[in-house]
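Participant: For reference, Swiss-Prot lists these features for the protein:
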- 1-233: domain 'ABC transporter' (DOMAIN)
- 31, 32, 33, 34, 35, 36, 37, 38: ATP binding site (BINDING)
- 293-358: domain 'Mop' (DOMAIN)
């Protein structure tokens with residue numbers, strides 16, 4: 001599957017001028033609020049007609065402003081999952097799911113329906129009405145309805161944005177199964193680095209209506225300058241490595257990076273598989289000498305490569321630890337007391353890290 005998108009569109013004072021391609025799997029449109037992600041996915045869906053541009057899927061032209069061609073949304077055979085579930089309140093879950101079948105043609109596919117229902121873990125909800133579902137359950141039903149329409153492409157616009165952290169944690173594993181088992185190409189809009197790092201095969205970074213970076217997720221997310229696109233609270237390092245071993249008793253995975261071996265909390269992990277490690281900058285302390293007697297499991301030796309200041313009295317210190325780029329967010333006073341400057345040797349004390357196998 002090859003999706004090619006090029007669009008220019010003005011909305012008030014905001015101008016979208018962006019292009020990208022997707023070769024299947026999960027392509028994440030990532031960026032801060034107002035970067036143009038939702039406008040782009042609405043253009044792909046056919047819900048917004050661009051002023052200029054062209055969209056094609058596997059060689060089929062869906063929109064071409066030069067030829068005045070625009071295929072309506074209902075003829076594109078795309079599934080769409082919104083921020084809110086948008087279920088019909090007067091219908092049961094089973095009836096909401098069957099609604100998706102109205103948009104597909106072909107033979108009866110009860111076996112496929114059952115597979116999707118099982119994959120999303122909603123078989124026990126079929127007779128309930130939406131008002132008796134949790135937020136996470138509603139979104140799983142909405143995803144099921146979109147899948148039952150047999151879409152050529154699944155569009156997901158911030159599907160977890162309206163959920164609290166507990167509900168997000170509940171639904172993420174189902175999205176992983178969706179990615180791995182259905183093989184339906186997905187365009188996934190999000191401003192959450194945790195979601196993107198866990199789900200995406202390819203990342204398109206958007207800012208002010210333009211594409212700033214594009215490529216394989218492992219490559220884009222590991223770039224030293226990627227943190228500039230993150231909210232301050234999410235700033236940090238995303239490193240690629242391989243799982244060497246898993247300590248089931250202590251729930252720790254040993255992840256080999258370029259030079260370091262990190263111990264990272266994990267419920268399960270398989271030795272020999274690739275993984276990404278998320279290290280929040282706010283959870284990295286710095287020391288000039290290697291400390292002893294700490295509870296922190298990971299202490300990396302490196303040197304300062306860059307310092308970025310912000311208006312809130314905080315600075316971001318970038319370090320090279322054996323080829324792995326680590327970031328730490330500390331106060332400007334701490335920077336002064338440690339006399340930190342590019343080239344200075346330091347030890348990075350990692351208080352927490354998250355593992356995302358892929």
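Quick reminder: no glycine exception, Cβ is built from N, Cα and C everywhere.
Have a look at these and tell me how they're positioned relative to everything else.
Facilitator: The Cβ neighbour count for residue 31 (ATP binding site), using a 10 Å radius and every protein chain shown, is 24.
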Participant: Within the domain 'Mop' (293-358), count helix residues (DSSP H, G, I), strand residues (E, B) and coil residues, in that order.
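Facilitator: Secondary-structure breakdown of the domain 'Mop' (293-358): 7 helix, 38 strand, 21 coil.
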Participant: Taking 8 Å from the centroid of the Cβ atoms of 31, 32, 33, 34, 35, 36, 37, 38 as the cut-off, which other residues in that chain fall inside it around the ATP site?
Facilitator: 191, 206, 207
Participant: Counting only other Cβ atoms and using a 10 Å cut-off, which of the binding-site residues 32, 37 scores lowest?
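Facilitator: Relative to the other binding-site residues in 32, 37, 32 has the fewest Cβ atoms within 10 Å.
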